[in-house]
Amino acid sequence: MSWQAYVDEHLMCEIEGHHLTSAAIVGHDGAAWAQSTAFPEFKTEDMANIMKDFDEPGHLAPTGLFLGPTKYMVIQGEPGAVIRGKKGSGGITVKKTGQALVVGIYDEPMTPGQCNMVVERLGDYLLKQGL
């Protein structure tokens, strides 16, 4: 299965009638492997800061998580495994695997829990595959 198929079929799938706003799978080096059409343009620096927060949990807390022009307030996640952010009625979930970051962005009516489930389910699968 191609990386784009993982994004299209496993991240942008319908959950209780709702979809993520956008999603991507990005390498630890910040290069996008696959992304939905609406995924924001981001800087390599954005991904470097996210990777640093996985290595040093709390790194993003003072400044927030930036993805392109959008700033998310970092909320409770799982140190070294999952970063969650909130902005207004939406937010972001980032799951780290051995080689990639699985990123999902949502807005109402999708809930944070639904976004977490979609992103973490694919991330856990990729981890089990050694990816």
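Just so you know, glycine gets a Cβ as well, placed from its N, Cα and C.
Annotated features in Swiss-Prot:
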DISULFID  CYS13-CYS115  disulfide bond
MOD_RES   THR111  phosphothreonine
MOTIF     81-97  motif 'Involved in PIP2 interaction'
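Structure with Swiss-Prot features highlighted.
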| residue | record | contacts (Cβ under 8 Å, 6+ apart) |
| --- | --- | --- |
| CYS13 | disulfide bond | HIS19, VAL118 |
| THR111 | phosphothreonine | none |
| CYS115 | disulfide bond | LEU20, GLY91, ILE92, THR93, GLY104, ILE105, TYR106 |
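Restricting the average to the motif 'Involved in PIP2 interaction' (81-97) gives a pLDDT of 98. Helix, strand and coil residue tallies for the motif 'Involved in PIP2 interaction' (81-97), in that order: 0 helix, 13 strand, 4 coil [DSSP]. In the three-state DSSP assignment, the secondary structure recorded for CYS13 (disulfide bond) is coil. The DSSP secondary structure for CYS115 (disulfide bond) is helix.
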